[in-house]
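Straight from Swiss-Prot, the features:
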DOMAIN    6-123  domain 'Response regulatory'
MOD_RES   Asp57  4-aspartylphosphate
DOMAIN    167-359  domain 'CheB-type methylesterase'
ACT_SITE  Ser179  active site
ACT_SITE  His205  active site
ACT_SITE  Asp301  active site
Amino acid sequence: MADKIKVMIVDDSALVRQVVAQALASDPGIEVTDVASDPIFALQKMKVRWPDVLVIDIEMPRMDGITFLKKIMAEHPTPTVICSSLAEKGAQATFEALAAGAVSIITKPKIGLKSFLEDASNDIVQAVRSAARANLRALSASANPAINRPKLSADAMLSTGSHRALERTTDQLVAIGTSTGGTQALEAVLTRLPATAPGIVIVQHMPEKFTAMFAERLDGLCQIEVREARNGDRVLPGLALIAPGGRHMMLKRNGAQYVVDVADGPLINRHKPSVDVLFRSVAKFAGANALGIIMTGMGDDGARGMKEMHDAGAKTIAQDESSCVVFGMPKEAIKLGGVDQTMPLQQIPGAIVGYGKSC
């Protein structure tokens, strides 16, 4: 029998510690071995027993979560999940934590905390399982969860009417899908693109209200414009549109232009936004005029959509295992036969630029 994933929860709220521990206890493959009310107590306990995964808050007494995380990553790199407030200050600190090496985010509201965390128990379990599989070396350069949601396909969001994909034209676009480790991977890719890069549509699995700040942060770092997508936005050269957290994003055709349709809907592959929803819509409306890229992430969201893009004539790329934080989504896309080429993260910007020049 495989060893259990040993978890330490560090949060100054006794309620958060209790509810997160209860959620994790529902998975027989996870064991909460320690809890601590602040990083100082946590460091003392970690001298005796080091966890496989940390779940930590950002704002804590005596030492904040960012300082704690940086100390841990310098001394003994450990997969870490951030449990942060949805408040703007908390969200900004969360991106700093992701940059410092945290693997993923669990959001918590200021009001209705207990009921929210109970409802999000599956997300908590998934985040810890994903973190336990993380390749932390990729950040710096498979059991099923006990609680299952119905796993819907992208058919639930996409119309079933016939539509002939366009023959290859000069209107090219790039579609990117990613999850765990994706915030760092997207930054590494987008910051290396020139302002003349093809139009880009992106799904990054991320909680609601975080995507706008994430896009704003990237926009300040990139030559291209980066922003959270709005319904009806045109896909234009030099612009990257990121699907809003909690909403699906689909490509549509409006006359001679590509536009995005941002809409609510069910969880697809247990995600909203879903990479499959985006990729399958790109296959349907762009066909051979698209480049699809699937990057680091746990699970199989995007694998079917990439296969449909490939079959529609699009060029497809998967990030390779060595540079992925979690080699899940790319692996599943490769298994389905939907990937033309695999490459390390550092080569993806060049592939996008080369694709744009070939158009």
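Using the three backbone atoms N, Cα and C, a Cβ is placed for every residue, glycine included.
Shown here: features listed in Swiss-Prot, placed on the structure.
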residue: Asp57; record: 4-aspartylphosphate; CB count, 10 Å: 24
residue: Ser179; record: active site; CB count, 10 Å: 27
residue: His205; record: active site; CB count, 10 Å: 28
residue: Asp301; record: active site; CB count, 10 Å: 31
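Averaged over the domain 'Response regulatory' (6-123), the predicted model reaches a pLDDT of 89. Taken residue by residue, the domain 'Response regulatory' (6-123) breaks down under DSSP into 54 helix, 27 strand, 37 coil.
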